[in-house]
Amino acid sequence: MAVASEQATSICSHCDRAIPSFNLDLHVAHCSRKLEKCKICGDMIPIKHADEHFLSTHAPVPCSLCSETVEREVLAVHKGENCPQRILTCEYCEFPLPAIDLFKHQEVCGNRTELCQLCSRYIRLCERNVHESRCNGGTNNITESSSDRVIPASNLDLHAAHSFRKLEKCKIYGDMVPKNHAEEHFLSTHAPVACSLCCEPMERDVLEVHKGENCPQRIVTCEYCELPLPAIDLFKHQEICGNRTERCHLCSRYIRLCERHVHESRCNGGTNITAESSRNTIPAERDDGSPRRQPHDDSKKRLLFTIAVTGITVLFGSLFFQRKTLDS
């Protein structure tokens, strides 16, 4: 006979898991005695391994590159995406250097020139991709009587006469331009113009690309606060802005903005659950930004205090005994 319905389940008040109702009491007794919920990530951890879990996952550790203190679980993300001292390579010369210095280096490096093998012109590296997509080696193939087009043989002489008389090849990109519009073509396409943002001179046909991708004064927005500011100031601004904190609406901890996406992908609101465990755990985070205490910090202080009090008592006892002996 087929099973009519699934087994009834109940939610464990300690770990919030669905447990078969007939086994709930036994589970709760075991769960409350053996497990505790991590107040940072919300995972259920064996009580005897709670300190090990904290130290291996949530303990603050310094970044070996910039010495900034971050939680161990986000250290790899910090080193790979946010650390200002992580090593990146320049897209123009492939030279490795710290991320904090990359923008200024590329601003200088991208303005170096390189000889185009097709047209024998010197092109700035920051405009090389745009130039290569358009260049057809026109300056190496200029002829005075041909437009390099396929023409029916029966009409070739007439076309050549017309082409020679009416057209000329642009010496920059090789386009065929009417002779009476050649100057207009040069001024509207290839004439050097100054960028209205940074005043740097460049060819008119790459001006839009420069303003959109390479200009250090182009306006970009901070990914954390969406403040518009010049691209040359973006890295330093985001380095400071990304270290601001914001309260997570799931777990009520204060999270740095540069680690927000990583935290949101892992957070399950564990710090809102305040079920009692058989012993105290380390506080999840302090709102005042003070460093988190390490496990057993209080017990060490109590031990030192006990030793000090015992030593003082022994000292006063020996002095009192010596004085009483001398008096007698």
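Any Cβ shown, glycine's included, is placed from N, Cα and C.
Looking at 4-48, 49-93, 184-228, the range annotated in TrEMBL as zinc finger turns out to be 49-93. Summarised by DSSP class, the composition of the domain 'TRAF-type' (49-93) is 21 helix, 9 strand, 15 coil. Mean per-residue pLDDT, taken over the zinc finger (49-93), amounts to 85.
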